[in-house]
Amino acid sequence: MFKTLDDIGSGKRVLVRLDLNSPVEDGIVKDNRRFARHARTVRELVEAGHRVVVIAHQGRPGRDSFVSLDQHADLLAEYVETPVAFVDDVHGEAAVAAIRDLGAGEVLLLENVRMCEDELPERSPTEHADSEFVRSLAPEFDCYVNDAYSAAHRSHASLVGFPRHLPAYAGRVMEAEYEANTSIANREFDGPVTMVLGGAKATDVIDVMSALDEGVDNYLLGGIVGELFLRAAGYDVGYDVGDGELYDHQWADNEDRIRELLAERADRIRLPVDLAYERDEERAEVPVEGVEKTQPLLDVGATTVGDYGEVIEDSAAVFVKGALGVFEDERFADGTVGILESIASTDCFSVIGGGDTSRAIELYGLDEDYFSHVSIAGGAYVRALTGQSLPGVEALSRDD
Ligand SMILES: Nc1ncnc2c1ncn2[C@@H]1O[C@H](COP(=O)(O)OP(=O)(O)O)[C@@H](O)[C@H]1O
Ligand SMILES: O=C(OP(=O)(O)O)[C@H](O)COP(=O)(O)O
């Protein structure tokens, strides 16, 4: 449906859009798997003797994470194992001069594209193609590669404007993410399909469940979302404790849809039968019938992990969206890690998505190779699961 790096040839001037958007702490850009993944695409372009110019974004104006890409150049260079030059300009004279100076097999990163006013408005590809940003850079290149799947749900200039001027190709990350994340909608599996749904964002999970009625045989719920469903089932859970804002407003916003889903799909939805909480600084577990509504509940319990593991063992495909507990705290990681281990021990097709959830894989030393695909996308993954098209993918696919 789109052309790939296999179709480019060699020795071209290539503009490549990556998603290097990263956590920033005290002004320091944190390394994360986006660098390692995109490095593969960049390395392949370098090895083909192209002149490689990278564009990417970081944060949004007004936020602390809205910083220059100078640190990103060093991090990317480590993974590509080749120097990555940086110019603090997006499309002005300095950027164009640096682009023209580039030799074959060299890599240059331009400044954060969100520092350019043309980038962020959600506009059509035709409007973006006509922006000064896109019109001033496009003539410097022979082709455009979009590898930024995890930003492809945005109709921003650097993601949709260039394919109107240049032959456009998908990078390796774009290809792999697209194929894995749309497989729940596009692929037939030879056995039950299971979704593990957790995390803190109830609306995302409800949207995914609503969109995927036919294709899914089992829903295994946990996290905040699981507690909201348990509350709908009549258990005394899912109440905000102290100043927390995790439950009550999400309950108010989603109560009706949760009740409907539970009634319609009672035979396919599995809820936690036990939960974990903190007692005397240790992990303690309690059956759902016994929880008191003043306890913060931070993970699913061991019986739930066992039950869910049996369902996973019998599944042909498992998709994960959201963590089953507060896995960042080792005491409450058993649910998330236990489920990931169950998936890893089967040979089912598996996709682990959600920026936070996939972090549990590296935090607890699981091997990525045990899973069919570990996504680096958050919002784009949810949109793909719900069958929505992504403007950045659409822009690559046009055949007019
Ligand atoms: N019971 C819980 N109470 C509080 N936070 C939870 C609970 N279960 C999961 N979480 C939190 O949810 C976060 C992941 O949620 P979310 O952002 O929805 O998922 P993702 O980013 O993977 O899509 C994790 O950081 C985890 O700490
Ligand atoms: O990190 C990103 O999305 P994600 O947080 O949904 O994974 C993308 O870079 C998009 O960034 P944006 O949500 O500021 O447009």
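Note that Cβ sites are derived from N, Cα and C of the backbone, with glycine treated the same way.
Together with G354, G355, D356, T357, TrEMBL lists one candidate of E328, E330, E341, E368 for binding ATP, that being E328. R154 is the residue from R135, R154, R164 that TrEMBL records in the substrate site together with D19, L20, N21, R34, H57, Q58, G59, R60, R114. With respect to their backbone Cα atoms, R114 (substrate binding site) and R154 ((2R)-3-phosphoglycerate binding site) stand 12 Å from each other. E328 (ATP binding site) falls outside any helix or strand according to DSSP and counts as coil. Of all the binding-site residues in the record (R34, G354, G355), the one with the smallest CA separation from H57 (substrate binding site) is R34.
In space, N21 is the closest of the binding-site residues N21, E328, G355, D356, T357 to R34 ((2R)-3-phosphoglycerate binding site), judged by Cα positions.
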